[in-house]
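Student: Okay, these came from TrEMBL:
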TRANSMEM  27-50  transmembrane segment
DOMAIN    43-294  domain 'G-protein coupled receptors family 1 profile'
TRANSMEM  62-88  transmembrane segment
TRANSMEM  94-122  transmembrane segment
TRANSMEM  134-159  transmembrane segment
TRANSMEM  198-223  transmembrane segment
TRANSMEM  244-267  transmembrane segment
TRANSMEM  273-296  transmembrane segment
Amino acid sequence: MPSPNSSDLSPPSFILASIPGLEAAHFWMAIFLCSMYIVAVTGNCAVLFIVKTEPSLHAPMYFFLCMLAAIDLALSTSTVPRVLSFYWFNTREISFGACLVQMFLIHTLSAIESTVLLAMAVDRYVAICHPLRHAAILTNAATVKIGLVAMARGVLFFLPLPLLLLPLPFCNSRLLSHSFCLHQDVMNLACANTTPSVVYGLTAILLVMGLDAVLICLSYILILKAVLRLASWKERLKAFSTCVAHICVVLAFYVPLIGLSVVHRFGKDLAPLVHITMGNIYILVPAVLNPIIYGVRTKQIQKRILNLIHIYNN
């Protein structure tokens with residue numbers, strides 16, 4: 001294993017972070033992460049299967065939910081198996097190329113998820129504020145186009161991140177602060193001018209996640225105004241209750257994202273446990289919570305799950 005302080009200009013590998021003093025607990029930490037990963041994979045696969053096989057769910061909102069499920073599966077699978085390999089087998093090295101690929105996948109998939117969440121907010125806005133035009137505006141064809149735009153947007157904005165890091169020399173420590181590769185983390189290890197990478201990374205984040213968050217808030221301001229114009233509180237609660245699941249999913253995505261960004265920006269002196277915990281929350285919590293939230297809030301999904309359990313038990 002190469003030393004974290006090796007001075008080669010072209011690093012063959014980076015060193016994944018461990019928690020000082022808790023190396024003996026890695027096995028049990030891996031058990032916990034593996035359990036969460038199994039829940040995430042099972043829940044998101046169940047969402048994909050139920051929406052595919054239930055004709056009543058063949059609507060834009062549930063197609064967007066399928067996109068979220070697919071993104072969460074890809075995001076967790078691109079990171080968690082490598083983290084488990086580290087915790088169980090102490091394989092702390094990750095090659096420079098593999099690190100850049102993992103970094104690209106994490107940031108690109110996060111950008112795609114952010115765009116899909118914005119599309120779901122627009123879907124809720126049209127459904128509540130313009131219900132008679134909802135079917136005409138958000139057709140199945142339009143939903144597919146939105147999904148393709150989300151993918152293209154994520155790739156185009158975040159492909160430059162690994163490309164900007166390729167020519168940089170890494171002569172400082174190769175020790176990362178997470179159990180996987182993130183742009184800010186890798187960039188901080190370079191021993192050259194990283195201003196272009198810093199500026200572009202911040203710009204991409206603001207133009208994708210930042211802009212999406214602002215537009216989602218604007219959608220809900222307009223939704224709230226429309227709901228408050230309804231005659232009775234019962235009608236208001238019924239209309240707004242259709243947004244509860246989406247609001248929870250938005251919070252499950254943006255709160256860990258903001259928390260991780262704050263830790264990177266202001267938490268350089270924090271304990272390694274904080275960095276590693278925030279990173280794992282960012283990767284796994286949305287993937288675990290999203291199918292649970294929609295499973296609890298959607299009667300058709302609940303019914304289908306109960307039918308599957310009944311069939312399995314018999």
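From the backbone N, Cα and C atoms, a Cβ is placed for every residue, glycine too.
TrEMBL labels come from automatic prediction, so no person has curated them.
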Student: Sequence-remote contacts (6 or more beyond its ends) of the transmembrane segment (94-122), Cβ cut-off under 8 Å?
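Tutor: Non-local partners: 10-14, 16, 61, 64-65, 67-68, 71-72, 74-75, 78-79, 82, 146-147, 149-151, 153-155, 157-159, 161-162, 165-166, 170, 180-183, 186, 204, 208-209, 212-213, 215-216, 219-220, 246, 249-250, 253, 257, 283, 286.
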Student: Quick test of the contact rule: Cβ under 8 Å, at least six residues beyond the ends. What residues does that give for the transmembrane segment (273-296)?
Tutor: 17, 19, 22, 33, 36-37, 39-40, 43-44, 46-47, 65, 68-69, 72-73, 75-76, 79-80, 83, 106, 113, 177-180, 182, 245, 248-249, 252-253, 256-257, 259-260, 263, 267, 302, 305
Student: Taking a Cβ cut-off under 8 Å, which residues six or more beyond the ends of the transmembrane segment (27-50) line up next to it in the same chain?
Tutor: 57, 65-66, 69-70, 72-73, 76-77, 80, 83-84, 87-88, 280, 284, 287-288, 290-292, 294-295, 300-301, 304-305, 308
